[in-house]
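Features reported for this protein in TrEMBL:
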- Asp81: active site (ACT_SITE)
- Glu143: active site (ACT_SITE)
- His79, Asp111, Glu168: Zn(2+) 1 binding site (BINDING)
- Asp111, Glu144, His354: Zn(2+) 2 binding site (BINDING)
- 176-287: domain 'Peptidase M20 dimerisation' (DOMAIN)
Amino acid sequence: MKKKIPSFIDIYKSLIKIPTISSENKTIDLSNKTFIDLLSNYFSELNFEIEIQNIPNTNKFNMLSSFGSGQGGLLFSGHTDTVDFDENTWKTDPFKLTQKNDKIYGLGVIDMKGFFAFLLDTISSINIKKIKKPVYILATANEETDMSGARYFSENTKIKPDCIIVGEPTSLKLINAHKGHVSYKIDIFGDAGHSSDSSNKMNSIEIAYEIIKQLINLKKYIQKKYSHKDFSIAHPTMNFGSIQGGSAINRVCSLCSITFEIRPIPQLNLNTIEILLKKTLKQIKEKFENRIFLKNLFFSIPAYEISKKHNIVKTIENLCNMNSSTVNYCTEAPFLKKIAPTLILGPGSIDQAHHPNEYLHCSFIKPTKNILTNLITKFCC
Ligand SMILES: [Zn+2]
């Protein structure tokens, strides 16, 4: 393909320069429109067709760019947004790509705007005439918050590629499964009153104690019942994140709140977690009527797995000369799997994601371009 776009590093710079923070905090949450427009321009220059999709009721956008038509092909997916950053902990400007000591610094260099720079550079060096099946690039919105971009796209697309590669920073390891994430808050309402006369008052901390005992039993149950040998921590994890309650030693505690999360393995689906939790809390809720309220925090993400025996997994394992493995963090794969078998594979280490001074080690550059070229050749040429 004749190169009409800037160099790899110049593209990389231009992508990092545009802030695309997504956050639950509306005062720092940004639209990704400028970024999507820039990406669309680059892919248009490479003769890709562009489709831009507005996520309903938001100022966020997905982009699907495609080259070639017909059945099958390959879809590369990446998210356009980054997490927020703390100015005081960054040694360089997070929006200025900085190269130093074999590392490339900037917010989103690995998680995961950089993936688009790799894709553009790789595609621009491939002979266009060889491409027989579609190459798709999906750029999603809001991965760092509610994953609404990937959710919306997967519900509304008709494309049917043979395989999807999500370019999250896996250190170029092939990932076929990951854990999910659900989080909850329990508000417990007791009575208010003076501590000297607490005999007929209900103290919310005492109810919390009962609830925590039940939840620890649930934790033991799911850890005994569910296990997956491919994960470094083989069972689902459950963690209490916070407990808050009371205001003074001489008052009966009227409100106590507990937050906790569960990170399920693929065999434990979100629906089952919901059922188990309700069952766990049923008796205690009946005992303390109208005092215990459970609610979901944030947006739940299911665990994900594509069998190692799946022919797509075997094909890519052979192509990349590596075995697939698992990670403990979440991706958009559980939503994208509705479209096609999905694997996760991308440059940079997750250890640097969401950290100040995020960087890509330059040793990833050459192998990433090789892998992307091989994938396109295998699936589309
Ligand atoms: Zn990411």
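Placed from the backbone N, Cα and C atoms, the Cβ positions cover glycine too.
Nobody curates TrEMBL annotations by hand; they come from automatic prediction.
What you are looking at is a predicted structure, and each value in this text was computed from that prediction instead of being measured.
In the three-state DSSP assignment, the secondary structure recorded for Glu143 (active site) is coil.
Taken residue by residue, the domain 'Peptidase M20 dimerisation' (176-287) breaks down under DSSP into 43 helix, 32 strand, 37 coil.
Among the recorded positions His79, Asp81, Glu168, the ones whose Cα sits within 10 Å of the Cα of Glu144 (Zn(2+) 2 binding site) are His79, Asp81. Put plainly, the binding-site residues His79, His354 were compared by Cβ crowding within 10 Å, and the winner is His79.
Compute the center of the Cβ atoms of Asp111, Glu144, His354, which mark the site for Zn(2+) 2; besides them, the chain residues with Cβ within 8 Å of that center are Thr82, Val83, Gly108, Met112, Glu143, Ala353. Among the recorded positions His79, Asp81, Glu143, Glu168, not one has a Cα within 10 Å of the Cα of His354 (Zn(2+) 2 binding site). Within 10 Å of its Cβ, the residue among the recorded positions Asp81, Glu144 with the fewest other Cβ atoms is Glu144. Taken as a whole, the domain 'Peptidase M20 dimerisation' (176-287) shows an average pLDDT of 96 in this prediction.
The Cβ centroid of His79, Asp111, Glu168 marks the Zn(2+) 1 site; residues of that chain outside this set whose Cβ lies within 8 Å of it are Gly78, Ile110, Met112, Phe115, Glu143, Val166, Gly167, Pro169, Thr331, Gly346, Ala353, given in sequence order.
A Cα-Cα distance of 6 Å separates His79 (Zn(2+) 1 binding site) from Glu143 (active site). Its Cβ placed at the centre, Glu168 (Zn(2+) 1 binding site) has 28 other Cβ atoms within 10 Å. For Glu143 (active site), other Cβ atoms within 10 Å of its Cβ number 25.
DSSP gives His79 (Zn(2+) 1 binding site) a strand state. Taken residue by residue with DSSP, His354 (Zn(2+) 2 binding site) is part of neither helix nor strand, so it is coil. In the shown protein chains, 28 other C-beta atoms lie within 10 A of the C-beta of Asp111 (Zn(2+) 1 binding site).
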